[in-house]
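Below: one structure, written as structure tokens.
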Amino acid sequence: MDSDQTPLINPSLFEECAQNHFAAADSRSRRPFHIEPSYITSINDDEPQRITSEASAMNKRIHYYSKLSYPSGGGLIAPDHVLPAPEEIYVYSPLGTALKIDGSDGSEKNSSIVTIFMIWNTMMGTSILSIPWGIKQAGFTTGVCVLFLMGILTLYCCYRVVKSRGTIPLTDTSTWEFPDVCQYYFGSFGRWSSLLFSMVSLIGAMIVYWVLMSNFLFNTGKFIYNYVNDVNITDDVLSNNGTDKVICPNPDSTGPLNKSMDTYYGNGTNLEHFETWWSKTNTVPFYLVVLLLPLLGFRSPSFFAKFNILGTVSIIYLVSLVTLKAAHLGFHLQFSWNQVQTFFVPEFRVSFPQLTGILTLAFFIHNCIITLLKNNRNQKNNVRDLSIAYLLVGLTYVYVGVVVFASFPSPPLSKQCIEQNFLDNFPSSDILAFVARIFLLFQMMTVYPLLGYLVRVQLLGHIFGDIYPSIFHVLALNIAVVGVGVIMARFYPNIGGIIRFSGAACGLAFVFVYPSLIHMISLHRRGQLRIHSILIHVSIIVLGISNLIAQFFM
């Protein structure tokens, strides 16, 4: 009797058969192996399951179709209405077992290398433009140390997110995301609070994108106008001497000024007219509305998703640009802990929380890491692949931040001149910077509708249960999101400030608080919670709260 209850399909043979089975080009050739999922006694990913007599009857019924034939000799197949959905396919053995197989498993699983690259590509975003400024705010030595420490801390919290589903007993969590785990532990509060902080991260990213797109579009238009009209420029701003010019747009201010500081020689009337209608903060943010607002109304983001490769190209180009500029400019460093510096900054500065806020968003992937790891071919390698991806992201940030900071020409310029967007330290006439801005502008214009789609899915889906309740709901949401971006680009175009506030806010929940609380609650329910674990995870929560509070005093 015991042998009668054991699985009758060898797992290794089953995997080989299933791979060939689902690789068939004609899905109809697989139809005799479909049965209704409701007839499966239980679902378990680890081993085949015994099936009921109803499932056996269904199998015989489908085989019956294959026994019938046309008068001409052609065999019949089961009609479409008999078959389950593709995502509910079970492979059945007449000997009495059945296994559920996702049709995509055999062909769309990713190797570890692809998974690592996907995580790296997802995390690399606009924060990289502000890393050199963040290091300047923290001090060089402190900034590099904070980079490594924040990378380790966010990696550990991300590891806790990955393991969070496994802490829930007697429940199939294979399709759950982290907000579902939060709802399980914290009820409706967990659901709505996770939605709130997710909105903060998404809308914060959309605001940063709008500010940067306004910046890039302004400088691109300025470069084209000067080139077409043969306008000669003499910079009144502080700059170094040499072919690779680096400028200090705001020598007496930590934030960007809303005016041009260049002297032009050409047709003065046309130039004044151009400057009136082509202003970084007064006009260009409004021009973007005409370009981007219609794109937010698309029902599906699949078209824009095809351009994701541009993000990788942009990052590779930025790294190449930084390397080339550093090779020409050389390194300019002076290590000193003295607070009074003319051209350099001390190694430690009390404004270092500005960097921690930026890095919280720079290393933020906690709300979607479960989704990215689901398609990893070998689930046992999830933690290893996640760690490698974080290492690569951290090294990329360190490389760009350190090289830009170290190569900034001091003297004659002060390190205080490093801008929140380090591309602003290159004049609009710089061809290499012009190409970088073009790359980033086009990439952001394709990613922005994707972010808007995610906002629509999460917000309207939670409130109305439909991601497209009506064109009026969608239009009102899009106008509100775009309006916030325009207002910030007009009155507060400081991407460093926006990134650090949104990063500290969304990171408070998804990075610091929820993963730590869930881990402690699960240990407590199993009777395994110890004092050292409490101290460690409470300290992480306190760090997250302190990180957010500190942003208001910087």
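Each Cβ is built from the backbone N, Cα and C atoms, and glycine gets one as well.
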Disulfide-bonded cysteine for C417 as listed in Swiss-Prot, from C158, C182, C248: C248
Same membrane side per Swiss-Prot: S112 vs H532: yes
Non-local residues, at least 6 beyond the ends, that sit with Cβ under 8 Å of the transmembrane segment (350-370): 119, 122-123, 125, 127-128, 130-131, 134-135, 137-139, 142-143, 146-147, 150-151, 154-155, 157-158, 161-162, 165, 176-179, 194, 198, 201, 204, 386, 390, 393-394, 397, 496, 499-504, 506-507, 510-511, 515, 546-547, 550-551, 554
For S127 (arginine binding site), the number of other Cβ atoms found within 10 Å of its own Cβ: 24
Rounded distance in angstrom between the Cα atoms of S127 (arginine binding site) and C417 (disulfide bond): 18
Intrachain residues whose Cβ lies under 8 Å of the transmembrane segment (140-160), provided they are six or more past its termini: 131, 134, 333, 335, 345, 347-349, 352, 355-356, 359-360, 363-366, 369, 383, 386-387, 390-391, 393-394, 397-398, 401-402, 405-406, 507, 511-512, 515-516, 518-519, 540, 543
Best-contacting stretch, by C-beta pairs under 8 Å, relative to the transmembrane segment (473-493) and drawn from 192-218, 277-293, 388-408, 501-521, 534-554: 192-218
Closest-packing stretch to the transmembrane segment (303-327), where packing means Cβ pairs under 8 Å, from 113-133, 277-293, 388-408, 501-521, 534-554: 388-408
Cβ-based contact of the transmembrane segment (113-133) with the transmembrane segment (388-408), 3 or more pairs under 8 Å: yes
Per Cβ pairs under 8 Å, the stretch of 277-293, 388-408, 501-521, 534-554 packing most closely against the transmembrane segment (192-218): 501-521
